[in-house]
């Protein structure tokens, strides 16, 4: 084991080194050892990150996917994932297709089973690759710094229920390594300050800080010159790459006759924005230019406590009193790089974040229930989902407008965006900011409520923007305002996965995320897809089949009592009782009855089944009473220990049963040799009892090990119950000769008699 692990690790290191060299080549920086006379770009440094490998599983629900969490450092210009898959388990294991997903900011939302999502859920298509047992790689230029997630799984699982130990165990081990090239020489682009740049064979890396409340960013190239002559063969890449969707902006400048600029509305707030300038001329052509960045800022009208609290005893109770900001027309609408001047661009509501549980948060406006929405400026709420632990749940947004405020000609338009709010309602309603496509909602007279569910929201500040618009008559909105009630939550699972699902918290190191495990044939992200769901009648029929089939154990119980096999009868009664109530508790849906905890019932059911087989075989061996009861007790203890080690291990049950079978065969062979005739001696015993019992047991084992599927489980497992009980009834040995049923000796063997004194309540031996 140690040698194999060392070899695997050595191969991984070799692959990582090769990947680092390839990163340098992809970045246009050949290594110095190549012997071509070129020097590597000293402005770039390489780093490697790795995580422990995980064993992949066949997909049945989100918990089947294995999640990996990486953190990309700032100023990364090139990212490369090395994906390694190894297989174990012997020659019987074949190559299978492995699906790998990538996403920035949150775990990928995947749907391999093509199930439906809940209503009002917005899901972006996932970025994925499919690979066999081999190495693969994924390259991303200018990746966004921060959290990146990789998820992998095997194909969807089959419906066949496989017994552990009877099928070959194939292990598919998956390990991703992250290699990055990070720039150590990055130029700071200050607003309104020209930054001279000269491009040769290597690109220039710039970045500009976008402060909060920035409305617009304008990037411009001035004074372009190529080898001293006019010309501007430069390509600017603005922003960082994200998956599954990429909103990077690319500006290609060719001719100096027109102004080369890029206008970005609502850039991401309070962060650095990456800019890469690359020459489109030859490798030995010098391109010089000046980069200029201009920021357009606006002042928010923040509703703080002094606006929310009444200022006097005669304060009006009108919800709109004192909340309207000054009219935007009262100030000049010019651009400004400072936040202390300029028009009001939004009405900001302070939001209280209330952490309720793991991945469970409630947002509400401070001291208010409703938001005031008007046509002058957007009303904005900021939701802090940037703790690093908020991306593992579902963001739910529920809005409801006042019934009397929204008329037929008015419309409340809503945008939900990450990184920066959408502010351009007057010119567009597509909710698109500089690097994010928002989620649009609307409230109208016909639809006064709107809901939105975003599974696994990206780690960032999210913004809810609302504004009142009048498409037909804009002047009608000037004196109108609407109160909108908000219900904003981050929940682990939507509606707690409903009545046919269970919300489970999953963990990858210290990162927590949630997923729904469905039952009763329900499927989907929140167990809302009923395309294969069982009806209530089907659930009840399944419960009755699995529970009432255990009544077949009444036959071996009655036979055991009749033949004075009281220990065996007790074991069969124990098995019948706990198997009945375990399957009554194991059923999904509404037909459920649990008298004890599920784990206790399952353990008792498995223990009773194994001990029933054990006592039946030993009873057939016809051992002496003392030895038989000792083996009964020892076998029960061994079963209890083995089930605690591995409850579903087939050989934990088959091992003791095979030992009992060897004991039985040994005793039968001994009697055959001692009596010099076959044992049992009666052909009627063989023809009418042993052969039917053995046949029923063989069919039961065949059904249990190879015929059960998720669809026919209710029928096949019920047949297993009946065959197991029937075989025990046939295989129990007959009563000893010359023994009357329930015959009791009145005297002890030593001719002592036990007497009882009813007066003194004492026992005496006379």
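Backbone N, Cα and C define each Cβ position, glycine as well.
Of the candidate ranges 489-514, 515-540, 541-566, TrEMBL annotates residues 541-566 with the feature transmembrane segment. Your range for transmembrane segment, going by TrEMBL and the list 606-625, 626-645, 726-745, is 626-645. Among the ranges 571-590, 651-670, the stretch that TrEMBL annotates as transmembrane segment is 651-670.
Listed in sequence order, the residues of the same chain lying 6 or more apart from residue 518 (disulfide bond) and placing their CB within less than 8 Å of its CB are 61, 497, 500, 501, 524, 527.
With a cut-off of 8 Å between Cβ atoms, the residues of this chain six or more beyond the transmembrane segment (651-670) that come close are 165, 606, 609-610, 613-614, 617-618, 620-623, 631, 635, 638-639, 642-643, 645, 679. Annotation for residue 493 (disulfide bond): spatial neighbours 393, 394, 501, 503, 514, 515, 516, 526, criterion Cβ-Cβ under 8 Å with sequence separation of six or more. Least crowded of the disulfide-bonded residues (503, 527), judged by neighbouring Cβ atoms within 10 Å of its own Cβ: 503. Residues of the same chain lying 6 or more positions beyond the ends of the transmembrane segment (686-707) and with a Cβ under 8 Å from any Cβ of it are 163, 166, 650, 680, 716, 719-720, 723-724, 726-731. Taken residue by residue, the domain 'EGF-like' (489-528) breaks down under DSSP into 4 helix, 20 strand, 16 coil. The average pLDDT for the domain 'EGF-like' (489-528) in the predicted structure is 90.
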